[in-house]
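Database features, via Swiss-Prot:
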type    : residues       : note
BINDING : Asp483, Asp489 : Mg(2+) binding site
DOMAIN  : 550-609        : domain 'KH'
DOMAIN  : 619-687        : domain 'S1 motif'
Amino acid sequence: METKVQVEFGGRTITIETGKMAKQASGAVVVSSGDTMVLVTAVATKTAKEGQDFFPLTVNYQEKAYAGGKIPGGFFKREARPSDNETLTCRLIDRPIRPLFPENFLNDTQIMATVVSADKDNDPGILSMVGASAALMVSDIPFQGPIAGVKVGRVDGRFIANPTADEMEKSDIEIVVAASKDAVIMVEGSAAEVSEEDMLEAIFFGHAAIQPLLAAQEELCSKAGVAKREVPPPAVNEELKANVKDIAYARMKEAVRIKSKVERHNSIDAISAETLAALATEFEGCDKQIKAFLGDFEYELVREHILKDGERIDGRDTKTIRQITTEVSLLPRAHGSALFTRGETQSLVAATLGTSIDEQRIDSLFGESKKRFLLHYNFPPFSVGETSFRLGPGRREIGHGMLAERALARVLPKHDDFPYTIRIVSDILESNGSSSMASVCGGSMSMMDAGIPIKAPVAGIAMGLIKEGEDFAILSDILGDEDHLGDMDFKVAGTAEGVTALQMDIKIGGVTREIMGIALKQALEGRLHILGRMADTIKTSKSDLSTYAPRITTIYVKTDKIRDVIGSGGKNIRGITEATGVTIDIDDTGKINIASTDKAACDLAIKMIRDLTAEAEEGKLYMGLVKKVMEFGAFVEIFPGTDGLVHISELDTERVKNVTDILKEGDKVLVKCIGIDKQGKIKLSRKEALGATLPE
């Protein structure tokens, strides 16, 4: 039976419908707003795989080309691998729902969001977040929802829920908030150096805004939902647990306080191996349970030590930042480079400058666009002492790269002031927590090293949370183990003036305004400390670009002269680039960017363009080339493609019988413009130029 609910949201109507499409899925809904429609399905297997010890949740998001009235490009003419935007949207859907499944529910679960129609003003990604929760709510899959997502913008000091594309152009905040009825679960986005207080207001504006969407899902579930599956509590072998505790607990307590990551992990691995060996005979076939108990003890001991003693794994208190070392200009041929090391996390970052030809072309549902700032994050397995087969960037690498990119994009110079394409590459060489924020710090330093005039340096920090009941501790600059064993990963990046990007993920049911406010305040303290350490190496952007970077010079020509620069079939512009080796980019306003690493070549290209677009001025001297001799005078080219007539009477002060007595084709001659008629014909005089010299 078809069931539909509607809710007014941000001045628009959102409809959630079930029972019409994909009825064999465990749960399926169509969420629509305006002309945007997303089909979201949820399916879980009936049983978990034998020996399964983790929750295998998969989220897929796909934008069908037909949703925007397009046919896919390429040879096969069908949707191919996910775009970066689709990958990022998968992560947006996944992260808020993942912590809301029962801990012991281990069945394969798949969420599929398919965009079947799209307009520019209703974000299909946001509707997909709502749809994923709604599909789970009406299904038999155990899920502790609902949740909903909203995009928050701010224009002229006024917060807006799900702003339009035009409103986002004017907004100084762009964040996505996902939340349940009582708490915020996920936050991600960027801002234009906005204060922590304003960011907190934006987040909880979003939380308040989604309440009608939660109520709509509850209504849909009451009308069309089915009974949830029973998830039996996990069976605990108390005898085995007691034996594991007797053997390993005291040693584990010492091991989790070893400061070095490698030594700590080696010690824990040794405890695990010895415990397994000691219990192999009495508890044969129980290796997974033994490892699970050891993991539980590690979790318990680390958290207890932090909450009771205020001391973390590596001996720091909750606010102390790890030791930071920085270096710039270490890659001789890179346009800018930095090595940022914080504790056992290290990022090598390079900045490269290019021209408009290097811009990334992005094909979306709404046409093609260009992107001039790119940040690519790479996480090789050696950074954590592992091996793996690599087939290109994974979802995590794309997500971390985009977070760092957003953090730095807010301080870039305007394109008119700095017309370069900028690519930042962060290669993580070591990782023990907060590698994406190390990429922000290293990226900022590499851009300053490259001479990119950014507004201000940017630093990033990852905050953590340990929460047991009403007790909690906020951790600054978390380790990888603190991320794994903690309840929150809250990354905040910004300048000394304000936040430029943030991302929060949690493993519990939500965090309160109090916790988030403390985390943001503590993050500011840490960020200012990190900015200070960065300033010890480089404070502002270098005044000059690298000698290996292209120099871009901008000139302007009249719009009716653009065709003269390009020439028939591109003949003129091709001739200039071949003669000089420069790169030339012309837009339809007459703006011309000329890029070259050779100043002399750039100057020559500018002269050639000026010659092609120059216009004769009455009374001005020109060095011309005789192109054709006639009985009545000679045609002299004063600019490429621009000729004027020197009448026989204007050849000399004396009477001239034959033009060839004075000029021959191919001669260079100094002439003066003595007039331009209504048809644009140029009158030149050799006689008026006799004795004169061209100005330098």
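Glycine is treated like the rest: Cβ placed from N, Cα and C.
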Residues that sit under 8 angstroms from Asp483 (Mg(2+) binding site) by C-beta distance, when 6+ apart in the chain: Gly433, Ala462, Gly464, Asp489
The domain 'S1 motif' (619-687): DSSP-derived helix, strand, coil residue counts: 7 helix, 36 strand, 26 coil
Asp489 (Mg(2+) binding site), number of other Cβ atoms within 10 Å: 22
Summary of DSSP states over the domain 'KH' (550-609), given as helix, strand and coil counts: 32 helix, 16 strand, 12 coil
